[in-house]
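As written in Swiss-Prot, here are the features:
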- 1-19: signal peptide (SIGNAL)
- 20-142: domain 'C-type lysozyme' (DOMAIN)
- 25-139: disulfide bond (DISULFID)
- 47-130: disulfide bond (DISULFID)
- 64: N-linked glycosylation site (CARBOHYD)
- 80-96: disulfide bond (DISULFID)
- 92-110: disulfide bond (DISULFID)
- 93: N-linked glycosylation site (CARBOHYD)
- 98, 101, 103, 106, 107: Ca(2+) binding site (BINDING)
């Protein structure tokens, strides 16, 4: 019984270290390379990430014919490739599961490509929720 409980705890702790629910200030810090990229302020990016994934780096959303991955909910039909959609255009030239870790480097590179190709309104939350009153998305701890 003791080994079962130990194994269960290890499984829970392992899972908890795999998923990363970031805080606003952590996102603000990790996205600093996006500051003013394409005319989009850092608070806009932080707000967009919150309303897109809730700052969950392992967020996966299944839609009718596609799946979206990670902090920025990057779509597998156009931007990345996975087993579900092997004929993706894969513009970011990356496996979608790379967007599910806490290293946001590849997420940021792909987000820049998305911004360059289709603009910030790729993320529907931006226009509706992240284009005004952005003071709440600043992080004073930095």
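Cβ from N, Cα, C; glycine included.
Here the features listed in Swiss-Prot are painted onto the structure.
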residue: 25; record: disulfide bond; CB count, 10 Å: 14
residue: 47; record: disulfide bond; CB count, 10 Å: 24
residue: 64; record: N-linked glycosylation site; CB count, 10 Å: 4
residue: 80; record: disulfide bond; CB count, 10 Å: 27
residue: 92; record: disulfide bond; CB count, 10 Å: 23
residue: 101; record: Ca(2+) binding site; CB count, 10 Å: 16
residue: 103; record: Ca(2+) binding site; CB count, 10 Å: 12
residue: 106; record: Ca(2+) binding site; CB count, 10 Å: 17
residue: 107; record: Ca(2+) binding site; CB count, 10 Å: 26
residue: 130; record: disulfide bond; CB count, 10 Å: 24
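Surrounding the centroid of the Cβ atoms of 98, 101, 103, 106, 107, where the record places Ca(2+), the chain contributes additional residues within 8 Å, namely 70, 99, 100, 102, 104, 105. All protein chains included, residue 110 (disulfide bond) registers 23 other Cβ atoms within 10 Å of its own Cβ. Cα separation, residue 64 (N-linked glycosylation site) to residue 130 (disulfide bond), rounded: 26 Å. Taking Cα separation as the measure, residue 110 (disulfide bond) is nearest to 98 of the binding-site residues 98, 101, 103.
Nearest neighbour of residue 107 (Ca(2+) binding site) by Cα distance, taken over the disulfide-bonded residues 47, 92, 139: 92. Proximity note: of the listed binding-site residues (98, 101, 103), none has a CA within 10 Å of the CA of residue 92 (disulfide bond).
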